[in-house]
Amino acid sequence: MKPLNVIFAGTPDFAARHLQALIESQHKVIAVYTQPDRPAGRGKKLQSSPVKALALENDIPVLQPKSLRDETAQQELTALNADIMVVVAYGLILPKVVLDTPRLGCINVHGSILPRWRGAAPIQRALWAGDAETGVTIMQMDIGLDTGDMLLKTQLKIEDTDTSATLYEKLADQGPSALVEALAGIAADTLPAEKQDESLANYAEKLSKEEAQIDWSKSAEALWREIRAFNPWPVSHYQHAGNTIKVWQSHVSEKTSTAAAGTVISADKNGIDVATGNGVLTITSMQLPGKKPLSVADILNSRADWFTAGTQLNNAMGDQG
């Protein structure tokens, strides 16, 4: 197998892990594209992306155009004469002229088993929907949103204990090896491309903070999935006495209740049992305003009065509950 000359385009830590795998592979990373440095922290100093930092550590040239629609940026890309471009969480749109520039085009690492969950938040949406599995798809990029031909897919069982944070870590481990395997197949011309079945496609829209407001009229099962999907961002929450209370961990209780949805049934060190539209949800970890996430046992030591049996956990600003 002849090694490929690769351009890598990516920005966050998830992308940097894939770049590391490419650096360690037999292929040659000839240039890295990443988003422009952004002001960060209290001092608002310009901060490099994790991908840029890794590239510089390995003496790989870094390019940071504000847009790839710019003709000068496109000429720079063409001059690199790359075999292929690998795109992982880059954050800039690649116009068709860019997709067509490398000899073998551009490939992308996507955090779902396509065509299910195209779009920005595949990990969170899979959890929220109650999917049994997820995975990584390596695909040939076209001008659509995650619509290109599939080159390689991996599978990962979603565990009851998984949150978006844990699934992210698992897929960040799975993706790099899948990418290197796919590149080997591309270099040897042994990797067949599979068209996506449009009838099975759906979209994973970016999460919003509004979606994370807890609606106690939903079932305990739905809320349990939601809380896991919104961990670590934007975190499921409700309002109580004008305070936003975040819920980090929960499970579906075997208890039953005829109380109105959002009513506290009982509270002890093992959890706070809340009636829902169907079933009982046990909350085990929460976060009070200005505090860090704590176990319910710790929270009840200081705020047991907020969670006495019969308390209504309302979700409207200003409700006194």
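Glycine residues also receive a Cβ, built from the backbone N, Cα and C atoms like all the rest.
The (6S)-5,6,7,8-tetrahydrofolate binding site annotation in Swiss-Prot covers S112, I113, L114, P115 and is backed by sequence analysis.
Taking the mean position of the Cβ atoms of S112, I113, L114, P115 as the (6S)-5,6,7,8-tetrahydrofolate site, the remaining residues of that chain whose Cβ falls within 8 Å of it are H110, R116, W117, R118, P122, G135, T137, D146, M150, K153, Q196. For I113 ((6S)-5,6,7,8-tetrahydrofolate binding site), the count of additional Cβ atoms within 10 Å of its Cβ stands at 21 [all protein chains shown]. Taking the Cβ of L114 ((6S)-5,6,7,8-tetrahydrofolate binding site) as reference, residues of its chain lying under 8 Å away and at least six apart in sequence are, in sequence order, T137, M139, D146, M150, K153, Q196, A201. Listed in sequence order, R118, P122, I123, A126, T134, G135, V136, T137, A204 are the same-chain residues six or more apart from S112 ((6S)-5,6,7,8-tetrahydrofolate binding site) with CB atoms under 8 A from its CB.
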